[in-house]
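Here's the structure we're looking at; comments come further down.
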Amino acid sequence: MSSTSADLTGSRSSYQAVFALDVITAAIALVFLGLATKPTFQRLIERRLSVADRSHATPLKTSLGTYLFLYPGLICFFLAYVFYFVQDVLKTAGSGIQYHGDLELGGRRPSGTNGNEHSIAVLSYATSLASILFTTLINGGVWIYSNHVTSNSTGISEPGWKSIIWNTFIMLAILCSGIVAWGLGISGINDTVSWSERVHNDEATKIVFVVYRCIVIAASISVSVEVIRRYALVRNNSGKNSRDRPHLARFATVVVPLIWLRNIFIIYDIVLIFVDTSGWSTNSILATLFLLIIFGQFANLTILGMILYGAWQTGKTVNIFSSDA
């Protein structure tokens, strides 16, 4: 194999499976993006976050607020996995994949001596930035959707000022800590040092990145608790025939457990930063690889899908067009 020629077919089947998972994830994200495009731009043109309704004491919330978080979140998620699968291919050039090397962030394999180190490094930083933005936006999407459904179902205006201030704060905390970690990493970048290598080897970047991941865990717990509280409010203050009640029940039942389970794997990923996995058995490495990759990717896809479905349902319930999509 030449020093610059990629050879995905010559890599191990486990690595090819990771590539396939990244492609599938990007493809599903693109489908979600396509489904969200028309309603997002329809609502942006209308520019109506709420509409008056005689049967409600407060204006009904439209799905625009949800789409304002969901649509850019989908773009970031899609780009992150496009960058991932391009890196998957580029890593197979030169001496190929270090199958027994220390695992990178997310349980991914490091590459060996490679003619594409610069491209891999640039893509790794682009992936990390897209992931930071996505994490901030998905947290906001879960929060705003649950509050808007509560408002429409109960007639109690949500989110209140305390919720707005607190959730704005935690979203800014996620974004700022992530950007600071990313900035520290990129400030010391050279042509061949990837984001994952920088986190592993630079103490300042490592510390701030761990702080960022801990903030993500705390913020996601906070927003999941808010979803539970909002569902309890809807259950106690709306009729059994409320059109929104089953949607929020479904959302809380699916999304909250996924967020908590995802946090467990985020903690595991943090631990891996401090552990040398190069001496682990093949089975342990493969288990780590697929647990982190499969669960992380499809947990996020499911959460995105639930937010998208919820926004679509809100669009049907709160019709601001003569023919709502």
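Backbone N, Cα and C define each Cβ position, glycine as well.
Since the structure is predicted, the reported quantities are computational estimates derived from the model, not experimental observations.
Feature annotations, courtesy of TrEMBL:
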- 15-37: transmembrane segment (TRANSMEM)
- 64-86: transmembrane segment (TRANSMEM)
- 120-144: transmembrane segment (TRANSMEM)
- 164-187: transmembrane segment (TRANSMEM)
- 207-228: transmembrane segment (TRANSMEM)
- 248-275: transmembrane segment (TRANSMEM)
- 287-312: transmembrane segment (TRANSMEM)
*Same-chain residues at least 6 beyond the ends of the transmembrane segment (287-312) whose Cβ lies under 8 Å from its Cβ atoms*: 14, 17-18, 21-22, 25, 28-29, 32, 35-36, 39, 63, 66-67, 69-70, 73-74, 77, 81, 103, 106-109, 134, 138, 141-142, 145, 149, 247, 250-251, 254-255, 258-259, 261-262, 265, 268-269, 272, 277, 280
_Feature contact check the transmembrane segment (120-144) with the transmembrane segment (207-228), CB under 8 Å, 3 or more pairs_ = yes
*Using a Cβ-Cβ cut-off of under 8 Å, list the residues of the same chain that are 6+ residues beyond the ends of the transmembrane segment (248-275) and lie near it.*
103, 105-107, 142, 145-146, 149-150, 153, 199-200, 206, 209-210, 213-214, 216-217, 220-221, 223-224, 227-228, 230-231, 234-235, 288, 291-292, 295-296, 299-300, 302-303, 306, 310
